[in-house]
Structure formats: C-alpha cells, structure tokens
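Trainee: The structure is given below, and queries will be raised subsequently.
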Amino acid sequence: MECDAVIYNITENVQQVEEALWAVSALNEEISHFEKRKVFILLSTVMTWARSKPLDPDDNEVPFTEEDYRRRKHHPNFLDHINAEKIVLKFGKNAKKFATYVVASGLQYGAEGGILHTFFKMAWLGEVPALPVFGDGTNCIPAIHVVDLAGVIQNIIDHVPKLHYLVAVDEAVHTLEDLVKCISKNTGPGKIQKVPKENAFLTKDLTQEYLDHLLVNLRMEALFVKENFNIRWVAQTGFVENINSILKEYKQSRGLLPIKICILGPPAVGKSSISEELAKYYKLHHIKMKDVIAEAIAKLEAIVAPKDSVEGEEEGEEEEEEENVDDAQELLDGIKESMEQNAGRLEDQYIIRFVKEKLKSMPCRNQGFILDGFPKTYDQAKDLFNQEEEEEEEEIRGKIFPYDKLITPEFVCGLDASDEFLKERVMNLPESVVAGTHYSQDRFLRSLSHYRDINTDDETVFNYFDELEIHPIHIDVGKLEDAQNRLAIKQLIKEIGKPRNYGLTDEEKAEEEKKAAEERLAKEAAQTAELEHKEAMEMAEKIARWEEWNKRLEEVKREERELLEVQSVPLRNYLMTYVMPTLMQGLNECCKVRPEDPVDFLAEYLFKNNPEMQ
C-alpha cells in the first residue's frame, strides 16, 4: 500500500490474475486514505484481441489501435485475462486519486528469449536439420522487446496519460515464418520445415498458452505510444532487424557463450586424448585436421555431383547453383594438383581455408571448439586468425594486430614432455595402435624433430598468442606421471572454468542417474562381498586358532603324562623292591587265616615281619 505505482504482469502466469484483482480491489477500497495519487498497471496480452473482427472486411491489413479496445474479442483460453482488464479499467474512474491502466503487450522477446526460447534452444543445440514452423506460418504476430515494454510502462508512470488502455508492440509486421526463419538463419541450421500445428504438442517446452501466442494472426499498431511517449527504443523496427543484438542478449542471459580452445604440443604428448575428454566435458566440437579436410572435400564433391533439376526452381537460383558448382570444381582441381605436387600432402592455403570455414560454422560459433594440434607455426596462426583485410603485410612485433575474435581461441594449452618420455610412451604402445599411423618409429622421430625445430625461434605459434595477450597454459605432461592425463585435464578444467551450455539433457540426466545407481549398487555389492569375505576370514582364523589351541592342549597333556610316568618310575621300583614282597606275604597269610579284622591282622603282620626291624 505504500508504493506509488503497482504493476502486475499476467502475461506469463495466469495464477497472477487472481492476485492482481485482489490488489486492485484492496487499493480501490483505500482511496480515501491516499495522500497522493497511486498508479496501478495491469500488463496483459494481445491475446485478448485474438478473435477480433477486421476493421475493414475488404482489407485485413488495417491494424488495430488503442481506440478499438472496446471492439476486442478474446481468445477462448484468455477469458480470465479480458475479465481482469475490464475490472481494472472499472476501478480507475477517480484518476486523481487512483489511476488504473491496462497494457496489451505483444509477444515479448529479448533477454532469455521468452516464448521464442524453444526455437532459440533448438537452433543453438543444432540437433535438428531444420526448425519447425507450425502451420503455414503466414500468421502475423504482434511483438515487442521486453526493454521497450519496460519503457512503455515507465512512461505511463511518469506521464499518467488520459487514455487508460494502451497497446505495446513494435513497428514490425512479422509472421511466424519470418521469426523462425530469422532464428534458424542466424544461430541454427539455416533451414525451416513447415509441419502440422498438431506437431507442436510433441515439443515438450511449448505449453498451450505459448502455442496460442505463436498461432495468433493479428495486426496491431501502438499509435498512442508512438505519438505521445518518449522511449529509447531497443528494437523499434522489430525482431528481424535487430536479431544480432537479440541473439547477443539471449546468449549472455543464459550463459551460452562459446568456449574456444586450442591444444598444441609435440607428437604423442596426449593432445587428442585430452582434447577428446575436454570436448565431452564441455560439449564442444573436436576439430581434427584429418576430419576437417575429409569433410570439406566430401562437401565439394557433393556440390559438383550431377543433380536432377527440381521443378519450380527460379532462374536466379539455378544460375547461383551453377556458379557454386564451377567454384567447387575449380577448388577440387586445385586440391588435386596440390596433393600431386606435395606427395599427397595438402598446402597450407587449403588447410587454413577449410579450418576457417569449420570454425565459422554455426555449431562452432554456438558451442565452441577444441582445435587439436593446429596451427603448428606462427605463419599458420597468422593466416588463420588474422583479419583478412590487413592494411600491411608486415606487422610491428609487440603490437596487437587485428584478429578475428569470432574464431580465435580463448584458451591455448601448450603440452610438452622430454623426448625420452615421448619415445618411451610410443614404444609402449601396442603394435595394433602404431601400425599405419604417424607413431611408427621413423615417422614419429621425424615429426618430433620437426616440432622441435619449428619451436626454437622467436616466431613460434605460442609467440603469436602471446602477442594477442592470449597467454598459453603450459603443462609438462612428463612431470605429472599420469598415463591417463587426468591431472592435466583437471588443471585445464580449473583454468577454463565451468561449462557454458544448457547442461545435461533429460536423457543425459537419466543416464547419469542410472550410472550413479549402478555405481552405488556395485559399491554396495563390493562392500557386502568384502564384509562377507572379512567375516569368513575371521571365522576361518578363529577356527584355526581353536584347532591350534586344542592341538597345543593335547600336546601339554601328553607331556604331563610322560612327565608323571618318568617321575613315578623310582616309586614303583621302591614299592616292588621293599614293600610289595612283604605286603604280598601278609595278604597271602591273611587269606589263609581269615581273621575277623583283616586290616588289623595285616598291620600286625607287617609290623612283625618288617625287614628293617629283623
């Protein structure tokens, strides 16, 4: 209630309608307590005009303006929106105390992309050969940049105009086909494909509300805004005319800036393996010279291959195609001649041309790239990255010369290792890997020697990047003692930073979760097996100790028995010599006499017949 201006946006979330109506009602009830005028602005949508009848039945191109708002007919799915508009306008009758406004906004673009984000994302990812246009694509869509829309709202607050219903659209008249084609051309595959409207429901990011906005056919003109407001327009001429700045906003807002990396170093140092891992981590395009050349030649051959003429082709298109065929054939002939004269190797001028074309391709411009092992020399780097329109051939060293920022790497990594380390690494490679590659002994040593030779002068490829103040990250792979290059990759990721893309797709997330679950189950199974093994080992050890204890106990008992036997020998001898003869005689005599008290008789007998007393 303390705010002088209250703005409710019901274009993005229909749930805001109820809250907006509550707010305007509550403010209206407090009019008598207002010390100064308050302004309430309802940001609505041109979809409340979607079913309006043409102003001129004979001319459908006559646009609607603010003055026609009483004739507007809403789209069936936007009943809540038009009801909200009517209620807000009804509460603004006491404009000196409480002024209410409704702004019918066109399809909003800019910043993160808005409703058009689905097409931006498809184009940026490059996963489809053509962007879809739902229906025939001829429907006109009123639109406005979000910053310009903010300017309209700011002017309403500043000027409090007498007109309470305003239209906010730019001056362009664009169809759905115009918008999609523009996105495809400037950040996508460059092609569009018209598909049935029903196919839109197969695109998960498109809601019914978004689809309604994309399929509306309406011509509108913000006449009052144009004549009465002072707005610093960002995109007054519309989406297509301002696509470059809109794309820049979109990429910056969503953090979709390309990562451009160059990995250099001697043969067998691990350039390709590290590049491959970084390409997977950052979702970049791995640029290998062999693949680039093969792809470029294949494209040229496809152009010059005979094609069946397509009916309906315009004369201008046919002439342009013929010129392309002639140019492609001329280039192919030059490549063939170059390879014949250079023992199967291609001259730098062709390699640089193909690499430059690849780096300027839309996928590389969107996501970025990793240049694997190229350029090798200062001159190659200069020819590849310098601006083509150089003023002078000779550049002053130490001065930053013009270079193509679109394709010049942002990060340069120089891998290195001692010759002994590299030779040993190649020697340890399996024969199946070495066969037919540049890792064979003669070719490898020649390549290594050539690399050392071209990197001893002051004009090395690393000097080129230093002059551009793109200072290479130098890593001595030999000192890391890591055959898998994990430490080098970890160091590079730390230097480069986080990925700049949309992150994992739903499929990749599911795969990651599945992989994590499998790893967790495997870990749990390993822990269970380890625990069971440990318990079994402890039990076996316990049984072994028990058996050992019993064995020792039996041994002790045996030793005790033997000791007792040894100790009892003198006693037995004594008994047999001195006691038993007399005792036996006494027992025999007792048996003969059979006295009443045998014990007393025996004692008396032994006493009388004791040999020591006789």
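Every residue number used here counts from 1 along the chain in the order it is shown.
Including glycine, each Cβ sits where the backbone N, Cα and C put it.
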Trainee: According to Swiss-Prot, A268, V269, G270, K271, S272, S273 bind ATP; so which of G92, G106, G110, G478 is the extra one listed there?
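Mentor: Checking G92, G106, G110, G478 against Swiss-Prot: the ATP site match is G478.
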Trainee: Name the residue range among 241-251, 428-438, 549-559 that Swiss-Prot annotates as region 'LID'.
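Mentor: Going through 241-251, 428-438, 549-559 one by one, Swiss-Prot gives region 'LID' for 428-438.
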Trainee: What range among 120-164, 570-614 does Swiss-Prot describe as region 'DPY-30'?
Mentor: 570-614
Trainee: According to DSSP, which of helix, strand or coil covers V269 (ATP binding site)?
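Mentor: Going by the DSSP assignment, V269 (ATP binding site) belongs to neither helix nor strand, so it counts as coil.
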Trainee: Can you tell which of the binding-site residues A268, V269, G270, K271, S273 lies nearest to G373 (AMP binding site) in space, using Cα positions?
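Mentor: Of all the candidates listed, K271 is nearest in space.
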Trainee: Would you mind listing, in sequence order, the residues at least six apart from K271 (ATP binding site) in the same chain with a Cβ closer than 8 Å to its Cβ?
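Mentor: Those within reach of K271 (ATP binding site), by Cβ under 8 Å and sequence separation of 6 or more, are I263, L264, G265, D372, G373, L415.
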Trainee: As a test of the contact definition, list every same-chain residue at least 6 positions from G270 (ATP binding site) whose Cβ is closer than 8 Å to its Cβ.
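Mentor: In sequence order, L415, V477, N485, A488 meet the Cβ cut-off.
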Trainee: Within 10 angstroms of the C-beta of Q380 (AMP binding site), what count of other C-beta atoms is obtained when all protein chains are considered?
Mentor: 18
Trainee: Under 8 Å Cβ to Cβ from A343 (AMP binding site), same chain, six or more residues apart: give me those in sequence order, or none if nothing qualifies.
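Mentor: Counting only residues 6 or more apart in sequence, A343 (AMP binding site) has no Cβ neighbour under 8 Å.
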